[in-house]
Amino acid sequence: MLRTWLLVLALAMGTASFPLPWGSLWLAVPGAVALGLLLCWRWGPWGVLAPVGLMTAVLVVAGPFAAWAWWIPVAALTGCWMGLREEGGGPEAGQKAWMMLPLLLLAAGLPWTVTYPDLVSGLDRLMRSTEPSMVDTARRLGYEGERLRSFQRYLQQNAELSGPLLRVLLPSALFVWMTLLVGAGRVVAAQVADRIHWPDLSRARFSEWRLPDGAIWLFLAGMGLLLAGLKPWAPTAATLLIVPGLGYCAQGIAVVESLLLLRGVPPSIISLTLLFVFIMAFPVFILTTVCVGLSDVWLDYRRLEVVPDRDVS
């Protein structure tokens with residue numbers, strides 16, 4: 001229970017540190033996920049009324065053009081999907097990735113909303129507003145003369161590049177944020193279920209993580225849109241490419257962990273080794289694990305038949 005309260009406290013701190021109304025999602029999204037999951041777990045399809053009710057409330061309170069508010073009912077829909085699949089032992093680790101599909105579709109469609117340019121420009125202004133404080137900090141650290149001017153030029157060049165990149169990468173960043181909040185909501189739902197003496201929520205080992213085969217089509221669609229060079233589609237294409245790519249990165253790590261566990265390597269040693277490689281070779285680590293995850297779609301390393309050590313000659 002203490003862990004749950006610490007999690008809620010961390011979410012509340014996130015709400016306080018983020019500008020409203022987006023900051024409210026730190027608490028609203030986990031709450032919506034927990035509500036949808038528990039209702040659908042208990043009452044089945046009737047629980048889908050939760051996201052319907054939340055969507056109605058969002059339209060009444062915030063209006064149809066409030067991009068931040070749409071994440072709440074969509075997250076509740078993801079929670080409902082989780083709740084409907086809890087019976088019978090729950091879904092496998094990778095199958096839970098499909099339950100994030102509503103959030104992915106919202107992230108991919110976000111760049112086409114009328115408020116998206118304002119969202120990007122507002123976030124860009126917020127990031128630029130921190131430059132004076134960074135310059136003051138540099139002065140206090142002893143930067144002066146040409147060294148200080150070089151630092152200011154670096155900040156200016158970084159600001160000029162951040163605008164276009166922000167427009168393309170913001171939906172993917174929002175999806176990753178929402179994924180973390182969905183995970184927090186599932187933890188809250190598990191604690192509530194324990195308090196009211198419901199069965200434990202299903203848990204799957206990370207070493208069994210495997211994306212559904214259909215995820216490859218999302219990845220290829222994103223790659224195709226990027227290669228087509230259609231500028232208006234760039235944010236959507238990047239989202240469809242990056243998000244499944246991160247999923248395949250996790251799948252590659254799961255493959256490595258599974259193979260090492262089969263050879264008797266302790267989990268703590270595996271975690272420390274992967275962390276060391278991640279820190280020392282970050283870009284190579286990401287690309288390698290994505291390639292391993294993609295190849296696992298066809299080779300399925302963890303289901304290969306184990307041949308006993310014997311002389312087959």
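The count begins at 1 with the first shown residue.
Positions of Cβ are set from backbone N, Cα and C atoms, glycine also.
From the options 56-78, 240-262, the stretch TrEMBL describes as transmembrane segment is 240-262.
Of the candidate ranges 4-24, 214-234, TrEMBL annotates residues 214-234 with the feature transmembrane segment. Across 174-193, 240-262, 274-295, the stretch most heavily in contact with the transmembrane segment (214-234), judged by Cβ pairs under 8 Å, is 240-262. Simply put, out of 174-193, 240-262, 274-295, 174-193 has the most Cβ pairs sitting under 8 Å from the transmembrane segment (96-114).
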